[in-house]
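The structure under discussion appears below in the form of structure tokens.
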Amino acid sequence: MNGTEGPNFYVPFSNKTGVVRSPFEAPQYYLAEPWQFSMLAAYMFLLIMLGFPINFLTLYVTVQHKKLRTPLNYILLNLAVADLFMVFGGFTTTLYTSLHGYFVFGPTGCNLEGFFATLGGEIALWSLVVLAIERYVVVCKPMSNFRFGENHAIMGVAFTWVMALACAAPPLVGWSRYIPEGMQCSCGIDYYTPHEETNNESFVIYMFVVHFIIPLIVIFFCYGQLVFTVKEAAAQQQESATTQKAEKEVTRMVIIMVIAFLICWLPYAGVAFYIFTHQGSDFGPIFMTIPAFFAKTSAVYNPVIYIMMNKQFRNCMVTTLCCGKNPLGDDEASTTVSKTETSQVAPA
């Protein structure tokens, strides 16, 4: 084996020379230079400085402006809440551990950090599934004149949390486990060892199939149907130009969120799957560290996309920041993507 396995860790470094120490007890500077750990800490500090204000602002602006409290926005706000969980439960912990060069909070802290990171990522993925289904139901009308209302949005939010917990909670109760990964300063699911005591392999397969592949299949199916329906409706001019424009805007926004999610999480998922299928092979700590830390940017990009592509929310945000005045002079009451859940676009 090209790594060293302990009772609650796996270090991707052979202990033939006797230098390997538990990532819960001693700095891991034999894995990487101290300055590299400092770079990780600086990166986490940047994500905290960006992730907390922009997600908190998303929640605050919505509370301040009643017009933003639409069913579709409930799902988008759910993403902001999940991102804040990642910032407080994961990023702050990883910042501190990176400064020390090892996971100073012990196995319990590792469980909490891994749980919050997994929970946030899964809430984001299942929120995108709910958004994709909402777009499919609203635009393609498979259920006649069904309207996506507040109760449906609340059920959608509850669904995302149930599914996310179904992925993040089992390692806390004995099905798989959370262990330090990469440079041993952040924690994630154990892809590295079979660890028969916790039936680790069965959980990893379950997670990849149920909590990654199936959601992506649903998302791609919904948007494939949606693109076809919108083109057909536009060709037959079934809707007004204003309605079609609004539907295209909200659909474009959600599709960009999906693309951003894939850019952030596919490298991590790909590396994790490779490690899982090549357990014991030779790979360095950087191999998992880079995609793991890159995936954490997901806590920043969703609100940025939302703010950039939603004119009404952007205007409300500017009004809030400028103490009730909007220097841009845009009309907040204009038709926007956040109010398109009552769309009447129908299939051909």
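For all residues, glycine too, the Cβ spot is worked out from N, Cα and C.
Here the structure is a predicted model, which means the values were calculated and not measured.
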Tyr136 vs Val230, membrane side identical per Swiss-Prot: yes
Cys110: disulphide-bonded cysteine as recorded in Swiss-Prot, out of Cys185, Cys187, Cys222, Cys264: Cys187
Record-annotated S-palmitoyl cysteine (source Swiss-Prot) among candidates Cys185, Cys323: Cys323
In three-state DSSP terms, the structure that Glu201 (Zn(2+) binding site) belongs to: helix
DSSP-derived class (H/G/I helix, E/B strand, else coil) of Asn2 (N-linked glycosylation site): coil
Closest of Asn2, Cys187, Glu201, Gln279, Lys296 to Asn15 (N-linked glycosylation site), Cα positions, recorded positions only: Asn2
Spatial neighbour of Lys296 (N6-(retinylidene)lysine) that is closest, considering only the recorded positions Asn2, Cys110, Cys187, Glu201, Gln279 and their CA atoms: Cys187
Alpha-carbon distance [Glu201 (Zn(2+) binding site); Cys187 (disulfide bond)] in Å: 18
Recorded positions (Asn2, Gln279), the one with most neighbouring Cβ atoms at 10 Å: Gln279
In the chain carrying Glu201 (Zn(2+) binding site), residues 6 or more apart in sequence that have Cβ under 8 angstroms from it: Pro194, Phe276
